[in-house]
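What TrEMBL shows for this protein is this:
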- B:Cys86: active site, nucleophile (ACT_SITE)
- B:His195: active site (ACT_SITE)
- B:Glu197: active site (ACT_SITE)
Amino acid sequence: MLKAIVYVTLRESVLDPQGSAVKGALHTLGFAEVADVRIGKYMEVALETDDREQAVERVREMAEKLLANTVIEDYRFEIVEG
Amino acid sequence: MKVAVIVFPGSNADLEMFNAVEDIMQVPVEYVWHSETDLAAYDVILLPGGFSYGDYLRCGAVARFSPVMEQVAKAADAGKLILGVCNGFQILLETGLLPGAMLRNRSLKYRCKMVPLRVENNQTPFTADYAENEIIQIPIAHGEGNYYCDQETLARLKANKQIVFTYEGENPNGSIENIAGICNERRNVLGMMPHPERAVHQWMSSDDGKRLFSSILKTWREQNGAAINA
């Protein structure tokens, strides 16, 4: 069994209203060093396979097709032992 | 002429859409469940608002893979008229039938109110009964209506006059260029965040949405002769 850890974040060029609001809140709390906050999604996808190479290919397909909307989001992932 | 209102798990403006068609267009209309695989019987396909699949992952992201959406894409290819309102617009974006994507409202607030819209393009099957640059009152109700596309896509939308509605005055969600609704190049697919089906009688505070439905009917009649209930 393998597991894909997938991270999806808004692209750099896209304003992240949630991130901006959290940054503002952190500033209010006195964390003046906070320059930027980007909020994204973290997903764990359990895979019924032991073939890493195939898993990479399949998870990329999953990300492109559904997990991320590449118009506004970037994704990256790693494959770990499930 | 026959109209389909597509119903996904979580659609909630389907009844209003259905009633608007009955009241204004007065043609046969049916609910079509998202698992349907044949839309051949319908001339106009309406994707209503709501929260299909709970808006899980992204608005419209899961609905986009419903069996019916393959048929909607085919119908779009065939030149049939397709209107997506609110969540329906989000689904059309996720499907790629319209360019761009939706972001969370810049204010992070769910906005539910009557808003003034400018009719930027009245040369579409959906806006023929409006005047160009006319200001109309249509309500919005969404938390993710902040339309986004890259500069290249925006330039294309402008060049092809695909921006159909814009917010007049205050932009309620932060959308690029105040965009409230866009169509495809061929003009047979329209997506818009405001709800025309919620503004079809004076008692709804506005009946400016009526003419969107009458425009659809008019266009269809022109294209198919006068046989309306055939």
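Cβ atoms here come from the backbone N, Cα and C positions, even for glycine.
Bear in mind that the values here come from a model prediction, so they are computed numbers and not experimental data.
I'm curious about the neighbourhood of these features; can you describe it?
Look at B:Cys86 (active site, nucleophile): DSSP puts it in coil.
DSSP assigns B:His195 (active site) to coil in the three-state reduction, placing it in neither a helix nor a strand.
Around the Cβ of B:Glu197 (active site), the same chain contributes B:Ala13, B:Glu16, B:Met17, B:Asn19, B:Ala20, B:Pro48, B:Val85, B:Gly209, B:Phe213, each under 8 angstroms and 6 or more positions distant in sequence.
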Looking at the active-site residues B:Cys86, B:His195, which one has the fewest other Cβ atoms within 10 Å of its own Cβ?
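So among B:Cys86, B:His195, the active-site residues given, the one with the fewest Cβ atoms within 10 Å is B:His195.
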May I ask for the distance between B:Cys86 (active site, nucleophile) and B:His195 (active site), taken between their Cα atoms and rounded to an integer number of Å?
7
